[in-house]
Amino acid sequence: MTVVNKSFLTFLVFFCQILFPLNASALEAPRTVKAWASVLGDNIAETWNEPQHVDLYVPAITWHARFAYDKEKTDRYNERPWGAGIGKSRWDEKGNWHGLYVMAFKDSYNKWEPIAGYGWEATWRPLPDDAFHVGLGYTLGVTARDNWDYIPIPLVLPLASVGYGPATFQMTYIPGTYNNGNVYFAWLRLQF
């Protein structure tokens, strides 16, 4: 057996042990996933049925990471995502934000792109003024694009925000490969 084959075999055995552990925690995983899905479903239902706010979404900027694109492409792309959206949101007993939203905006090709989903952010109020807040979380949703024939595409993306009172600047990053994805997208969210 060559050194490369031995190294590969060692890696394969190690990887399989990580991927397929044979212990009690592996048997608990389905229950953990079920519990997480149950909490997610409850949070979505509570946000839909008992919202504290109606939100207005105003897309502000898209930025294609210059290190991940050919200049010819970024020169042609739209980075002004005109559009609007509406949503429902609430703050839970821990002070974290939950929101349901639907938004439409002009994508990189200046075509309309709808998106709808649920967002959650752990929220901190680091200053003595409780009106100032920052958040980190995620969004689960569905979008559709003109260049993909408006086929619904599920998504899971990170969220981050900074806000004061009812105004929040919220953002995400769409990961990708060279000349695809790697887009920063941000919007203003106003709570009423």
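Glycine residues also receive a Cβ, built from the backbone N, Cα and C atoms like all the rest.
What you see is a predicted model, and the numbers here were worked out from it, not measured in a lab.
Taken from Swiss-Prot, the feature signal peptide covers 1-26, and the record attributes it to sequence analysis.
Sequence-distant neighbours of H64 (active site) (same chain, six or more apart, CB under 8 Å from its CB) are K73, T74, Y77, E79, S108, N182, V183, listed in sequence order. When secondary structure is read from DSSP and collapsed to three states, H64 (active site) falls in the strand class. Residues annotated as active site in Swiss-Prot, with sequence analysis given as evidence: H64 (among others).
Using a 10 Å Cβ-Cβ cutoff, K73 (site 'Role in lipopolysaccharide recognition') registers 13 neighbours. DSSP classifies K73 (site 'Role in lipopolysaccharide recognition') as helix under the three-state reduction. Among the features that Swiss-Prot reports, site 'Role in lipopolysaccharide recognition' is placed at K73, with the record citing sequence analysis.
Neighbour list (D107 (active site), Cβ cut-off 8 Å, at least 6 residues apart, same chain): T62, N78, P81, E113, R145, D146. Look at Swiss-Prot and you will find D107 (among others) tagged as active site.
Annotation comment: Swiss-Prot describes S108 (among others) as active site. The secondary structure of S108 (active site), as reduced to three states from DSSP, is coil rather than helix or strand.
Per Swiss-Prot, site 'Role in the phospholipid gating' is recorded for Y178, and the stated evidence type is sequence analysis. Note: Y178 (site 'Role in the phospholipid gating') has non-local neighbours A68, Y69, i.e. same-chain residues 6+ apart with C-beta under 8 A of its own C-beta.
Other Cβ atoms within 10 Å of the Cβ of S108 (active site), summed over all protein chains shown, number 18.
DSSP assigns Y178 (site 'Role in the phospholipid gating') to coil in the three-state reduction, outside any helix or strand.
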